[in-house]
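Some features that TrEMBL has for this protein:
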DOMAIN    11-446  domain 'Major facilitator superfamily associated'
TRANSMEM  12-35  transmembrane segment
TRANSMEM  41-59  transmembrane segment
TRANSMEM  71-89  transmembrane segment
TRANSMEM  95-123  transmembrane segment
TRANSMEM  135-154  transmembrane segment
TRANSMEM  160-179  transmembrane segment
REGION    195-265  region 'Disordered'
TRANSMEM  292-314  transmembrane segment
TRANSMEM  326-345  transmembrane segment
TRANSMEM  357-383  transmembrane segment
TRANSMEM  389-406  transmembrane segment
TRANSMEM  418-442  transmembrane segment
TRANSMEM  448-470  transmembrane segment
Amino acid sequence: MPEPTFILPKILYFSLTSAGCILSFLSVYLSQVLAMPATQIGVILATTPLVLMIGNPFATALADRLGAHKYFVAATLTGAIGLTLLIFLRPPFPLLLAGTALVALLRNPSYPILDALVLAMLGDKHKDEYGRQRLWGSIACGVSTAFIGWLIDWMGNLEAMIWGHVGFLAVFLVALNWLPVSSLREGREHDEEAYFSPIPGEDPDRHPVLPSEEDGALKGADEEEDELFKQSSIEQSDLGDAEEGIQPTSPLIEDASNTSLSPISSRKSSASAQISVFTSNVRPLLTDPAVLFFYSLIYIMGTSVAVVDSFLYLFLSNQMGASNTFLGIVKFFQVGMEIPCFYFSKQIMRKIGVRNMLLLAQVILVIRLCGYGLLPAVGSVWFALPSESLHGVYYGIMWAGAVRFMDDRAPPALKATAQGVLSAVYGGLAQASGALIGGWWWDKLEGRIIPLFWGLAVANGAYFGLFALCRTRHTESSRNRLVVPS
């Protein structure tokens, strides 16, 4: 029997990612059309990820609570489209800032909820096909941005970016209506937890895993580490913590059916039980040392990428004279390598494991940042293309591994919430930090952004070196305890 093609998820990722990638021209639009200084541009660009960081976990938790994920996204995106069109009135900075925050609050939850809906649609049998659905977002990003860049030059009007953004969101809403899964309650059941450790010694059965028929491949990649962990006492304590993080639903049923309670006290007991279950379920996502290390790794990479995404276009346009058509081509190269990386993410994950996927992504990011540092010496905007191509390799490997880790780690009732937390760290806190740092640096040094790229390369390299040093020094002690670098 042939494998299913899953056409609809591909359309959803294509349209939604196109809408987001087109906004790569936003810094140029704010600078050239609205004549904003770089500090204000940094604040505007930081608003969306800050709102994402604060609002996404609550919005995705609300969607989980309502149990109507598809209709939640449809309602919020419709409101975001209407508010986005108000930018044509060219409001002053305070109103633009407030409008940007409100649009971000409505639009941002659609990304993690879509990830959760698609994973639920794929089910346990096909969830490792996620990368092959997500790669269509990479295709969309390159194609749509290149097209909009050409359209802006042809029309001589940067407002084409806004119309393109709204148009792709409208296409997404139409396609979303046909998605067969409207709620994660209709999706698959949670099977196994993921486990992430910054040192050798974790159990492959708790490492982000593939379906059971493929477990052998992952075990082959980490066989020596498996034996170390199986001899350690940390396994039992961690398993106990994990079991406490996934509570059965029977307390809710017992409270609701206890005839000795009055209706009011019964409802109060049920509500208290629900809060208790939610708190115990979400605790591992916020307190587990291994998960916290994962967040720190994602944060430093996300901050570095945010500086590049926020101000590279402005640098190429204002400092090196690049056209909007060329900027569109840059984006095409940026996401081009995401396609094969997402497509083969299943094989990469099976070969090296999720932990090593994330570390490999950080090495690639360091090389990319160093490439940007050489731009002034070379003196040609075309030299940016090789470094932009490395972004696709970095992001394709990093994001497929990160989404899989969070999906496997999350309790069944908090799948969308887990993706929301991931988006809050990478797309929220890290992106906001990068935009603010980049805007301040640009104004302070009058557009000389290249030294910042070099500094970020050094920071990522130092972080990776610290990680490697901790692994080397604590291999023996990892037999009895989990060590996370501070």
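Cβ from N, Cα, C; glycine included.
Where the annotation comes from TrEMBL, it is an automatic prediction and has not been curated.
Note that this is a predicted model, so its numbers are computed, not measured.
Counting Cβ pairs under 8 Å to the transmembrane segment (326-345), the stretch among 12-35, 418-442, 448-470 with the most such contacts is 12-35.
In this chain, the transmembrane segment (160-179) does not touch the transmembrane segment (292-314); fewer than three CB pairs sit within less than 8 A of each other, excluding pairs fewer than 6 residues apart. Listed as Cβ neighbours of the transmembrane segment (71-89) (distance under 8 Å, sequence separation of 6 or more from its ends, same chain) are residues 59, 62-63, 96, 99, 102-103, 106-107, 109-110, 113-114, 159, 162, 165-166, 169-170, 172-173, 176-177, 182. The highest tally of CB pairs under 8 A with the transmembrane segment (160-179), across 12-35, 95-123, 357-383, 418-442, is held by 12-35. Sequence-distant contacts of the transmembrane segment (41-59) (same chain, six or more residues past either end, CB-CB distance under 8 Å): 26-27, 30-31, 76, 96-97, 100-101, 103-105, 108-109, 112, 306, 310, 314, 417, 420-421, 423-425, 427-433, 435-440, 442. Among residues of the same chain six or more beyond the transmembrane segment (357-383), those with a C-beta under 8 A of the stretch's C-beta atoms are 294, 297-298, 301, 304-305, 308, 312, 316, 320-322, 326, 348-349, 390-391, 393-395, 397-398, 400-402, 450, 453-454, 456-457, 460-461, 463-464, 467. Long-range contacts of the transmembrane segment (448-470) within the same chain, counting only residues at least 6 positions beyond its ends with a Cβ under 8 Å from a Cβ of the stretch, are 198-199, 297, 300-301, 303-304, 307-308, 311-312, 315, 359, 362-363, 365-366, 369-370, 372-373, 375-376, 437-438, 441-442, 483, 485.
Within the chain carrying the transmembrane segment (95-123), a Cβ under 8 angstroms from the stretch's Cβ atoms is held by residues 6, 9, 12-13, 16, 20, 34, 43-44, 47-48, 50-52, 55-56, 59-60, 63, 69-70, 72-73, 76-77, 79-80, 83-84, 86-87, 129-130, 133, 169, 172, 179-181, 184, 186-188, 403, 407, 415-416, 419-420, 422-423, 427, all 6 or more beyond its ends. Beyond the transmembrane segment (12-35), the same-chain residues lying 6 or more positions past its ends with a Cβ under 8 Å from any Cβ of the stretch are 41, 44-45, 90, 96, 110-111, 114, 118, 133-134, 136-141, 143-145, 148-149, 152, 158-159, 161, 164-166, 168-169, 171-172, 175-176, 179, 309-311, 313-314, 317-318, 324, 327, 331, 335.
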